[in-house]
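Step one of this worksheet: look at the structure below.
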Amino acid sequence: MSKKFAHTQEELEKLSLKELENLAASMREKIIQVVSKNGGHLSSNLGAVELSIAMHLVFDAKKDPFIFDVSHQSYTHKLLSGKEEIFDTLRQINGLSGYTKPSEGDYFVAGHSSTSISLAVGACKAIALKGEKRIPVALIGDGALSAGMAYEALNELGDSKFPCVILLNDNEMSISKPIGAISKYLSQAMATQFYQSFKKRIAKMLDILPDSATYMAKRFEESFKLITPGLLFEELGLEYIGPIDGHNLGEIISALKQAKAMQKPCVIHAQTIKGKGYALAEGKHAKWHGVGAFDIDSGESVKKSDTKKSATEIFSKNLLDLASKYENIVGVTAAMPSGTGLDKLIEKYPNRFWDVAIAEQHAVTSMAAMAKEGFKPFIAIYSTFLQRAYDQVIHDCAIMNLNVVFAMDRAGIVGEDGETHQGVFDLSFLAPLPNFTLLAPRDEQMMQNIMEYAYLHQGPIALRYPRGSFILDKEFNPCEIKLGKAQWLVKNNSEIAFLGYGQGVAKAWQVLRALQEMNNNANLIDLIFAKPLDEELLCELAKKSKIWFIFSENVKIGGIESLINNFLQKYDLHVKVVSFEYEDKFIEHGKTSEVEKNLEKDVNSLLTKVLKFYH
């Protein structure tokens with residue numbers, strides 16, 4: 001184990017403040033160096049270096065549960081925990097995850113937002129039942145604190161009185177936005193020592209004053225709370241320390257020791273700078289949040305420029321065109337304006353498109369109400385994050401049969417973010433819902449046609465599209481979109497047929513081209529719709545082709561294979577179905593091409609499997 005970064009609690013305690021600051025600086029250099037090569041979450045990690053070091057110094061990482069919300073800011077924790085020798089493999093195939101994972105020695109898996117405080121509450125209960133003296137420490141950002149689940153957990157935690165520390169990393173991504181300059185001024189004015197000493201003086205005053213004066217003093221204290229940052233937490237029954245400087249190690253360590261000694265639930269409010277220590281990233285939240293490989297000196301991406309537009313860019317442009325054409329189109333995203341491409345629409349139509357922060361449930365239900373009022377909502381959301389609003393999809397959209405469009409970005413394998421972010425379940429959890437229509441474009445032109453159709457469609461409808469660019473460009477002529485109608489792209493008398501869905505059409509075409517070079521052939525169908533299927537076309541196909549290969553970027557269970565088998569059973573058709581969808585296991589991180597090769601879903605592996613059926 002390397003000793004440059006890895007430190008036990010005892011070793012950290014022996015370091016002087018200057019040595020700790022030097023350690024923080026070295027860690028920043030290491031993080032910048034590795035992320036510049038591998039990509040990753042840069043600015044959030046640079047902003048949390050001192051917080052992580054202080055956590056490891058005041059608490060025992062070997063026994064106290066360290067819970068990182070989302071955990072994209074856990075790089076310093078990884079280095080302190082002895083991962084330096086494999087840190088260069090960050091986010092690479094078979095390498096170190098960019099998030100926390102129990103298989104790497106972490107307390108709990110994370111990747112989605114706002115779970116940390118609930119985990120801390122559960123850990124508190126378990127520790128109490130075991131009669132142990134451990135203290136959970138949850139590090140959560142102010143952006144993650146905007147989600148309802150965090151407040152549900154705070155509500156119970158404040159009533160429980162369990163020893164627990166919530167370290168709030170406030171980099172002004174959410175908390176400071178609502179009241180802007182006033183909030184910033186008050187946060188600076190209410191320095192920690194002043195606020196804490198004021199509360200102590202009030203407490204002493206209440207002990208000695210007569211009842212009438214006590215009443216007035218309490219009223220004064222309550223009025224004072226209205227302009228202090230800790231009001232919310234104290235009203236929920238939590239102790240509050242802060243705001244403190246999240247880059248001042250002495251101040252953070254002191255606050256953590258104070259919270260630890262309280263033996264109560266306590267929130268420490270630390271103000272940090274996202275991107276701290278890398279001048280090009282400081283203050284530029286969105287640009288440096290999640291990055292690809294870049295040149296450290298210039299900050300410019302080192303990735304070869306892709307002249308093809310991403311599916312997200314295509315969606316954004318098409319929605320802009322539709323919004324200018326149809327004034328009843330509205331839209332929402334949950335804290336992903338740039339990631340979903342909705343930022344362009346929020347900028348142009350601020351009264352029709354909204355970012356509601358990390359609030360997927362609220363996003364869906366609020367748009368359901370707008371649909372009820374005659375508007376046409378487009379909900380722009382990552383496939384993996386729609387999971388967080390499943391009840392709202394059913395209860396508030398499907399049952400009501402409302403005209404809502406779900407635009408699911410990052411469908412399929414997303415690469416380096418790993419199992420918490422792979423978009424491979426949406427087809428399985430949406431297909432069973434009555435009233436729902438599901439479809440996917442294979443290329444840019446079909447995306448445009450599908451979005452136009454989605455606007456005109458009556459009832460809830462969901463389209464899925466990949467991270468990055470479509471593989472196909474103009475290999476096939478687009479078709480008019482009609483409900484439940486597929487497109488026969490390559491038609492012949494082969495007994496073998498390829499059925500593609502979305503990006504899966506491209507994979508099927510790549511395999512088919514390789515087969516054609518070997519003087520083999522197959523029918524190629526773009527399903528377009530997963531629900532409803534084109535039963536007329538499939539019945540015709542079943543007369544000539546008795547072996548169907550499924551190309552779709554979803555898990556097998558509940559995916560296209562399941563839907564096709566249901567169709568075949570319905571009409572008592574006898575066809576052999578071979579699915580190239582994903583197996584029943586979570587897909588880990590790595591470059592998409594490498595992950596596909598590991599899963600034997602790359603073109604060469606698929607070709608090898610298909611060739612076994614040719615004689």
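Cβ coordinates are placed from backbone N, Cα and C, and glycine is handled just like the others.
Here is what Swiss-Prot records for this protein:
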type	residues	note
BINDING	His72, Gly111, His112, Ser113, Gly143, Ala144, Asn171, Tyr278, Glu360	thiamine diphosphate binding site
BINDING	Asp142, Asn171	Mg(2+) binding site
Which one of these binding-site residues, Asp142, Glu360, has the sparsest Cβ neighbourhood, judged by other Cβ atoms within 10 angstroms? Asp142
My understanding is the cutoff is Cβ-Cβ under 8 Å with a sequence separation of 6 or more in the same chain; which residues meet that for His112 (thiamine diphosphate binding site)? Val70, Thr384, Phe385, Arg388, Thr420
Could you state the whole-number distance in Å separating the C-alpha atoms of His72 (thiamine diphosphate binding site) and Asp142 (Mg(2+) binding site)? 14
In whole Å, how far does the CA atom of Asn171 (thiamine diphosphate binding site) lie from that of Asp142 (Mg(2+) binding site)? 7
Please report the number of other Cβ atoms within 10 Å of the Cβ of Gly143 (thiamine diphosphate binding site). 25
Pop the Cα-Cα gap between Glu360 (thiamine diphosphate binding site) and Asp142 (Mg(2+) binding site) into the table, whole Å please. 16
For His112 (thiamine diphosphate binding site), the three-state class that DSSP assigns: coil
